[in-house]
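Q: Sharing a structure below in structure tokens format, with a few things to ask.
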Amino acid sequence: MACYIYQLPSWVLDDLCRNMDALSEWDWMEFASYVITDLTQLRKIKSMERVQGVSITRELLWWWGMRQATVQQLVDLLCRLELYRAAQIILNWKPAPEIRCPIPAFPDSVKPEKPLAASVRKAEDEQEEGQPVRMATFPGPGSSPARAHQPAFLQPPEEDAPHSLRSDLPTSSDSKDFSTSIPKQEKLLSLAGDSLFWSEADVVQATDDFNQNRKISQGTFADVYRGHRHGKPFVFKKLRETACSSPGSIERFFQAELQICLRCCHPNVLPVLGFCAARQFHSFIYPYMANGSLQDRLQGQGGSDPLPWPQRVSICSGLLCAVEYLHGLEIIHSNVKSSNVLLDQNLTPKLAHPMAHLCPVNKRSKYTMMKTHLLRTSAAYLPEDFIRVGQLTKRVDIFSCGIVLAEVLTGIPAMDNNRSPVYLKDLLLSDIPSSTASLCSRKTGVENVMAKEICQKYLEKGAGRLPEDCAEALATAACLCLRRRNTSLQEVCGSVAAVEERLRGRETLLPWSGLSEGTGSSSNTPEETDDVDNSSLDASSSMSVAPWAGAATPLLPTENGEGRLRVIVGREADSSSEACVGLEPPQDVTETSWQIEINEAKRKLMENILLYKEEKVDSIELFGP
């Protein structure tokens, strides 16, 4: 095998790494010592397993592959060390030429209970065996005059609608025929009274034949124009061939995006208002977003005023809800970034979906290919493991959300060629404590330490004043998205929603999701000890975190010199508490705290045990190496 290690398919590399990671430490170190003779570099790679939870075999092979090591060298080394099972994984793989084929149709015989991705894979397998496959079709709910102008491949009978768009499929055998079921999205769009399908003449007239004066932006896969129809503004996205695209890529891209758009119906997902599949061009029609993109507003494009913190947090909350909704439909967006978060006249975020993918159902379909110069523009929002391996999972979207949260928090662009490092993710991840400093992470949490440093160094100053606890909570949510491999979007959404409620000036009992230091499910366990960190329980510094501590350690109401309640958290809170939160107490008032002091070490251990049961931390991080 003359190919290089970095040319190994991702699924082969996955199997190999899983096998090698299961070796004893002695056997693995023996293998690694033949690859790397520099003990410092070897220890650095070995520490990644404990600090970052990555596959050390993958890191080792990546390091070796970047030095032009071949697959044959790897096989020879494995055989020399008598690691025959790992060697056989590579030997079972045979390089095969890439097969390019159009997106297959959905045959009528597909059973409704099968997921869409499984149906697609089945059709692909049939095509590889030489069986003919029909072109995919997408019916529009428009009127018959509009249908007269549709191309042939867009004029199927209603019973041939893709099964993936059927939302109310019956489960019992005595239910009505599947062919009469209409998707919710199509019902909603039909009620609007306008046809989804636009004729070529309508699009040309609305955009003045795609006049360059109407161009809003130019992207990798499409040009965006502004147009009008019946006095109403629209945005037209005209797909175009790229220098590296394969033949027929526009048709595949068009059909895939249309399929995704028709499945989505969420207030924070950009709706599709129409489409046009003409001979000269393919175009989508979207509502016009008066406030442009989040990226433009964060960078002050067009002289716009900086977004205030309540609006920033509200946009982040809407973005996270949109991604969580897509993941619930088993859709991976794969291109979440601030330029794809559009803002309407009310600054409500709408997530555009130019590169959405259906979640895969088998190992081979979990990987994607992307040309290098296209990847560079999106690499600022992609995790390192995706860039190296190409494995497309929900983790990619969650990581991208973390970068957008960081952009909102810091006001720093995700990519700046005049900055070192160029990518914001590298700037932030460099602030993760080193392996030596992270020894204290079992007590305070790496994300919390990282969040505090980010707030101290990079917090946006031009958007007004942000309470310290809110800033750290928002930064911690971003760090969880960037660092953890199994982050729960629901957990991050809850934290951002709590910050949003706080900034709106309301009392809230939303849980802090275990993100802020000093909270947790075990914090109500009384423990008397001498080694208590009194600084975290100091009553004089508890004003900033009082609204958030209510979910774990309820505070007793205290009175100022005038006899008015200063802080109230719990069922006894009345209407006067909301107006008094955040007021500084008179200097001559003595505060008394009746809180139970908690053994910090034991509390943190119990929290980690709960996280371990939820599979959010591994045993090495819990008990140490």
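Residue numbering: from 1, along the chain as shown.
Cβ coordinates are placed from backbone N, Cα and C, and glycine is handled just like the others.
Small disclaimer: the values here were computed from a predicted structure and weren't measured.
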Q: Based on what Swiss-Prot says, identify which of Ser144, Ser246 is the phosphoserine one.
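A: Per Swiss-Prot, the residue annotated as phosphoserine is Ser144.
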Q: DSSP on Lys337 (ATP binding site), three-state: which is it?
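A: In the DSSP reduction, Lys337 (ATP binding site) maps to coil.
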Q: Let me check the 10 A CB neighbour count of Ala222 (ATP binding site). How many other CB atoms are there?
A: 21
Q: Within 10 Å of each Cβ, count the other Cβ atoms, then let me know which of the binding-site residues Ile216, Val224 comes out lowest.
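A: If we count Cβ atoms within 10 Å for the binding-site residues Ile216, Val224, the smallest count is at Ile216.
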Q: Using DSSP, how many residues of the domain 'Death' (13-94) fall into helix, strand and coil, respectively?
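A: Within the domain 'Death' (13-94) the tally stands at 61 helix, 1 strand, 20 coil.
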Q: Let me know the model's mean pLDDT on the domain 'Protein kinase' (210-489).
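A: The average pLDDT of the model in the domain 'Protein kinase' (210-489) works out to 81.
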Q: Hey, what's the Cβ neighbour count for Gln218 (ATP binding site) at 10 Å?
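A: The answer is 9 other Cβ atoms.
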